[in-house]
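Notes follow the structure.
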């Protein structure tokens, strides 16, 4: 009976991840097309539309987990997703082909990633996220978003003709969003069941299985951008997504429901701070990431998984 229950939970996880992945791709493609037709630059698209769009699974899962009383899964998903984004995903994308990054992207947005990690760690240090603290995180996110849009919307991108495809593109984005929300709900329930059956804490499940599932859109979007020679979009997607997770996702989830944080968060946040600093330093050397520089990022992320699961 237990074996059948685990098999069913694994099947639900697979279906949920597939829904998150496909919904994320459809939403990002559609939203990017709409933004480009409005004359938005590739860098802004990477940092905002793609970066935040691919974080919608994290947002949906985190808020859903918080609402149903699974605070450990909620916070662990945010931390685990950033560990994957800046480690496994960024490193793997570099292994497939070097990732270029502009000086502006590294200095400003890389710096914001490190600063947001420090801020998130300070907020979680007392093992609670109050509505006031969550509001501060979300306000910091809105400030960052405003700076990015205002400073990088310099008109370097040309508007594309809209035509009758605009409505179809918008509808595709809505369908993608619906798949993300539905997949998130399935994933939270199945992950909690797996944690109970496997004897693992909800924090570990949230930081590994759930985070892996919600991070698939970032990997697909960044790899596709890198293969098309859009290095700023690839790197911008992962940096923007990481900022959105720590400030936007955690902030909004804490505004909806004040969160309790597992003691294991302290160690994970120290790992994340070290990985964030390493990723930014490597991006700053040589204007991006070479294949060789992707290796240590992947190794750090894998090592954290081993520590969590063994």
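Yeah, the Cβs are placed from backbone N, Cα and C, and that goes for glycine too.
Just so you know, TrEMBL annotations never went through curation; they're auto-generated.
Taken from TrEMBL, the feature domain 'Sodium/calcium exchanger membrane region' covers 10-149 (among others).
According to DSSP, the secondary structure content of the domain 'Sodium/calcium exchanger membrane region' (171-300) in residues is 113 helix, 4 strand, 13 coil. If you look up TrEMBL, you'll see 171-300 (among others) marked as domain 'Sodium/calcium exchanger membrane region'.
The list of residues near the transmembrane segment (6-28) in space but at least 6 beyond its ends in sequence, with Cβ under 8 angstroms from a Cβ of it, reads 49-50, 53-54, 56-57, 172-173, 175-180, 182-184, 186-187, 189-191, 193-194, 197-198, 209, 212-214, 216-217, 220-221. Residues or ranges marked as transmembrane segment in TrEMBL: 6-28 (among others).
Here TrEMBL flags 40-61 (among others) as transmembrane segment.
Taken from TrEMBL, the feature transmembrane segment covers 73-98 (among others).
The transmembrane segment annotation in TrEMBL covers 110-128 (among others).
Annotation comment: TrEMBL describes 134-150 (among others) as transmembrane segment.
Among the features that TrEMBL reports, transmembrane segment is placed at 170-192 (among others).
Beyond the ends of the transmembrane segment (238-257), by six or more residues, the same chain brings 46-48, 50-52, 54-55, 58-59, 62-63, 66-67, 71, 74-75, 78, 81-82, 85-86, 89-90, 93, 105, 109-110, 112-113, 116-117, 119-120, 123, 129-131, 133-141, 144, 148, 218, 222, 276 to within a C-beta distance below 8 angstroms of the stretch. Per TrEMBL, the feature transmembrane segment maps to 238-257 (among others).
Under the heading transmembrane segment, TrEMBL lists 269-289 (among others). Cβ atoms under 8 Å from those of the transmembrane segment (269-289) belong to residues 79, 82-83, 86-87, 90-91, 93-94, 98-103, 105-107, 110-111, 113-114, 117-118, 120-121, 124, 231, 235, 242, 296-297, 300-301, 304 of the same chain, restricted to positions at least 6 beyond its ends.
Annotation: stretch 110-128 has the most Cβ pairs under 8 Å to the transmembrane segment (134-150), among 73-98, 110-128, 170-192. Cβ atoms under 8 Å from those of the transmembrane segment (110-128) belong to residues 75, 78, 82, 86, 134, 136-137, 140, 144, 239, 242-243, 246-247, 250, 258-263, 265-266, 269-270, 272-273, 276-277, 279-280, 283-284 of the same chain, restricted to positions at least 6 beyond its ends. Counted with DSSP, the domain 'Sodium/calcium exchanger membrane region' (10-149) comes out as 119 helix, 4 strand, 17 coil.
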